[in-house]
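Annotated features, as they stand in Swiss-Prot:
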type	residues	note
SIGNAL	1-18	signal peptide
REPEAT	67-88	repeat '1'
REGION	67-265	region '10 X approximate tandem repeats'
REPEAT	89-110	repeat '2'
REPEAT	111-121	repeat '3'
REPEAT	122-143	repeat '4'
REPEAT	144-165	repeat '5'
REPEAT	166-187	repeat '6'
REPEAT	188-209	repeat '7'
MOD_RES	Met193	methionine sulfoxide
REPEAT	210-231	repeat '8'
REPEAT	232-242	repeat '9'
MOD_RES	Met242	methionine sulfoxide
REPEAT	243-265	repeat '10'
MOD_RES	Met244	methionine sulfoxide
Amino acid sequence: MKAVVLTLAVLFLTGSQARHFWQQDEPQSSWDRVRDLANVYVDAVKESGREYVSQLEASALGKQLNLKLVDNWDTLGSTFQKVHEHLGPVAQEFWEKLEKETEELRREINKDLEDVRQKTQPFLDEIQKKWQEDLERYRQKVEPLSAQLREGARQKLMELQEQVTPLGEDLRDSVRAYADTLRTQLAPYSEQMRKTLGARLEAIKEGGSASLAEYHAKASEQLSALGEKAKPVLEDIHQGLMPMWESFKTGVLNVIDEAAKKLTA
């Protein structure tokens with residue numbers, strides 16, 4: 001249960017309003033994005049699965065067992081469609097409630113992240129500018145050496161490598177220096193962000209407008225209700241699978257009986 005609640009919390013704490021999965025203009029809710037991705041995946045699985053089932057049924061073994069897998073597969077597909085129709089509204093309600101209850105927390109964290117981004121952006125821009133300047137200087141130094149390689153013979157290759165190696169080492173040292181500088185400059189902001197997030201979570205833990213304990217209790221309650229509503233639908237799935245299993249079992253037993261008769265004849 002904790003893993004489920006933590007996963008849902010991570011999803012909603014991002015607070016992103018990405019574009020629609022199919023690039024429509026209006027942003028989707030978290031539930032709509034998950035539902036669309038799941039539908040695309042399930043449709044692909046259904047199509048590929050039906051193709052494999054059809055191939056198995058058309059094989060010599062399938063004909064001998066008289067499995068009728070395609071009919072059973074279609075029946076199973078209808079059963080899963082009923083599952084989707086029954087559980088879809090319940091799951092959507094759960095997502096919407098959790099998203100609403102974490103809205104304030106996500107807003108505050110996004111605000112803190114944006115503040116840190118604005119403060120650190122000048123450092124990042126400066127590092128990028130210096131890095132590009134070093135790359136350009138490196139290119140200008142290496143270009144004449146590359147021309148020498150094209151114009152010279154193979155015996156100059158070792159000499160060229162000796163000339164290029166120090167330049168590569170200089171570039172590597174520059175990158176390390178920039179990384180160390182950037183790490184030093186960003187360290188205070190990283191510590192500040194860590195403390196801010198810790199304070200946010202501690203305030204919620206101590207019993208703010210919406211505590212983590214309340215989120216856990218509400219999520220547990222919603223998941224329990226979802227489980228109760230899913231029981232009859234899961235029973236339908238079980239009933240849908242039984243004909244396929246019985247058909248397969250009967251076919252296998254018939255093949256065994258025929259083989260036994262041939263051996264004793």
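Just so it is clear, glycine is given a Cβ too, placed from its N, Cα and C backbone atoms.
The repeat '4' (122-143): residue composition by secondary structure is 22 helix, 0 strand, 0 coil, according to DSSP. For the repeat '3' (111-121), residue counts in helix, strand and coil come to 11 helix, 0 strand, 0 coil, using DSSP. Within the model, the repeat '2' (89-110) shows a mean pLDDT value of 73, rounded to a whole number.
In sequence order, Asp112, Leu113, Val116 constitute the residues six or more apart from Met193 (methionine sulfoxide) in its chain with CB-CB distances below 8 Å.
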